[in-house]
Amino acid sequence: MNQQELPPRKPNGGLITMPFIIANEAFEKVASYGLLPNMIFYLMRVYNMGVTRATNVIFFWSAATNFMPLIGAFVADSFLGRYLTIGIGSIASLLGMILLWLTAMISKASPPPCNQLTHNCKSASPAQYTLLIFSFGLMSIGAGGIRPCSLAFGADQLDKRDNPDNDRVLESFFSWYYASAAVSVLIALTGIVYIQDHVGWKVGFGVPALLMFASALLFFLASSLYVKQKASKSLFTGFAQVLVVAYKNRKLALPLYNSSRYHREKGSEFTVPTEKLRFLNKACVIKNPDDISSSGVVSNRWNVCTIEQVEELKALIRVIPMWSTGIMVSINISQSSFPLLQASSMNRHITSSFEIPAGSFGMFTIITITIWVILYDRVIIPLASKLIGKKVHLGVKLRMGIGIFFSSMAMVVSGIVEHVRRRKAIDQGLLNNPQAVVNMSAMWLIPQNILSGLAEAFNAIGQTEFYYSEFPKSMSSIASSLFGVGMAIANLLASVVLSSVDNLTRSQGKESWVSSNINKGHYEYYYWLLAIMTFTNLIYFLVCSWAYGSCVNKVAKTSNEGNGLEEEKSSVPGTPLGALLS
C-alpha cells in the first residue's frame, strides 16, 4: 500500500507575516507616543511636581527610551536574535503601561490632591515615586526591544535573494512600514490625547495599555510563521577587538608597502588600511603567522583583526564630530513641555464646540515633515532637475546645516509668541492665575511647529542619510541608531540646561524663568537662550563640516586588472559648506 505523499511545507516568512509585524510596531507607537504629550500635566496635577522637576523626569524617560534601542540592537545581534528581543520588548512595554494605568486607578498609588485653600501639596512617597519610575523604565526597555528590531525583522521575512522582484518587495514593505509609523504618531497625538483630556487619566492610560496588549498578542500569534534568524557577532564586539589589539600592538612598527602583513577577509576590496587614524592600523597587522590558518581563518580575534574591522571603527570615529552637531537640534526637539503649557493657556477653539487638545499641537510638526518629504522628493527635486537639465541633489551636509538654522529660528519664533502671550496675560489681569485662558488664539503656535518640522526634516533625515552614505553596509545598524543615541544625550543635556536656568534665575528671591506659573516666568528668555545656543552650534557645524572634508570615501582596493591600487568613490557627493548639483 502506497503512502499518500504529503504536500511540501510552505517556507516561513513572506507577506502573510507583514500584518502582524506592522501591527505590532503601529500599536506600540500609538500606545507609547500617546502617553508623552500630556505627561507633564499628569506629573504636575496628580504627582504635585513643579514644572522643572516634572520636565526633568520626562527628559530622563525620553533619554532612556532613545538610548535603550542601541542596547536592544546589541542584544538582538549578539545573543537573543530579533524575534525574542521584540517579544521580550513587547511584554516589558505592556507591563510598564499596566503599572502606569494602575497609578491612575489606585488612589494610594499617587499623592493626595493639593489643598486648594491652603495651597498645601504633599509630594509623592518613595514607594509611589518608585512605582511611577519603574513603569517608565519598563516602557523604555520595551522600546529598546521593539524599535531597533522591528523593521529588520520584517525585512528578514521578505528578503529572498533568489526572487527577481526582491528589491521591489522590500521597497514596498519599507513604504508601508514608515506610512504606518507616521499614521500611528498622528493617531497618538490626536486620539489618545483627546481621550486623556475629555475622559480622564484612567481611560486615557487604559487605552494605550489595551493597544499594547493587542500589539503583543498579534506578534505572538504569528510565531510559527516567522523566519527567525539566529544571533551573530555584533559590530560592538568588533570595535572592542580593534581597540584591544591596537593597544596590544602599540609598540609594533607598521609595515611599509607590504600588504601581505595586513590581515583581510577573503575576497575583500582592501589590500592595506587607509592612512587616517593610523594608530588603529596596528590592529590588523599579522604579528604571529600562527594566528591565521592556511584557509585564512583567525584562531583568536583578540590577537589580530581584519582591515574591514579597522575601517569600520575609523568610519565611526570620523563622523562623531558631525554627529555631535545634531545634539543641539535634538535638545530643541525635546522641548515638548513648555509648548504644551503655552497651548493650555491659549484659546484652542476651532469652532464654538470643538477645541484642539493642548497636547495635539505636535501633530503640526509631523504634518510638516510629511508634506516636506513628499514635496522635496516628488515635486521640488524632479522640477529643479527638469529646469536645469540634469539631476539635482542637495548635499546631506547642506541639509543638516539648513536644519540647524531652522531649529534656531523655531526657538526665536517660540520666544516671540510667548512674549506676546505673556504680555496679554498680564494686561488681562491673569498674572497670578496660570490656569486661566488668555484671549489669544493658540494657532499662533503653528509657525514654530512648522519651523521645528522643517528643522527635523532637513537635519534628522540629513543626518541619517549622511551616516548611511559614509558607513560601510555592514554598519547599517549603527547608522540607523546614531540619531537615537544623539536624542538620548540631548535629553540629558536638556535636563542640565533646564536645571541650570532654573537655579540661576530664581536666586535672590526672583521668579524663575521656568516658573510653574507660566505668566510669572519668562519662558521667552529660555527659548531665546536656546536660539543663541543653536546659532552658536551652527558655527560649530560649519567648522566640523570643513574639517570633515568632502563626503567622498577613498579606499584602497585591488584593481580588477592587476595588483595595482585604485580609488573607489562613494556615490554621495558633498562639500563642507554647501551642496553639489550632480
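Any Cβ shown, glycine's included, is placed from N, Cα and C.
According to TrEMBL, the features are:
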type: REGION; residues: 562-582; note: region 'Disordered'
type: TRANSMEM; residues: 58-76; note: transmembrane segment
type: TRANSMEM; residues: 83-107; note: transmembrane segment
type: TRANSMEM; residues: 127-155; note: transmembrane segment
type: TRANSMEM; residues: 176-195; note: transmembrane segment
type: TRANSMEM; residues: 207-227; note: transmembrane segment
type: TRANSMEM; residues: 356-376; note: transmembrane segment
type: TRANSMEM; residues: 396-417; note: transmembrane segment
type: TRANSMEM; residues: 478-498; note: transmembrane segment
type: TRANSMEM; residues: 525-548; note: transmembrane segment
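Proximity of the transmembrane segment (58-76) to the transmembrane segment (478-498) is established through 3 or more Cβ-Cβ distances under 8 Å for residue pairs spaced 6 or more apart.
Below 8 A, the CB atoms of the transmembrane segment (207-227) and the transmembrane segment (478-498) form no more than two pairs separated by six or more positions in the chain, fewer than 3 in all.
Counting only same-chain residues 6+ beyond the ends of the transmembrane segment (478-498), those with a CB under 8 A from a CB of the stretch are 52, 55-56, 59-60, 62-67, 69-70, 73, 147-148, 235, 316, 319, 323-324, 326-331, 333-335, 460, 463-464, 467-468, 471, 514, 526, 529-530, 533. Within its own chain, the transmembrane segment (525-548) is flanked in space by residues 318-319, 321-322, 324-325, 328-329, 331-332, 335, 338, 397, 400-401, 404-405, 407-409, 411-412, 414-415, 418, 497-498, 501, 505, 513-514, 576-577, which lie at least six positions past its ends and keep a Cβ under 8 Å from the stretch.
Relative to the transmembrane segment (176-195), the listed stretch 356-376 leads the set 127-155, 356-376, 396-417 in CB pairs under 8 A.
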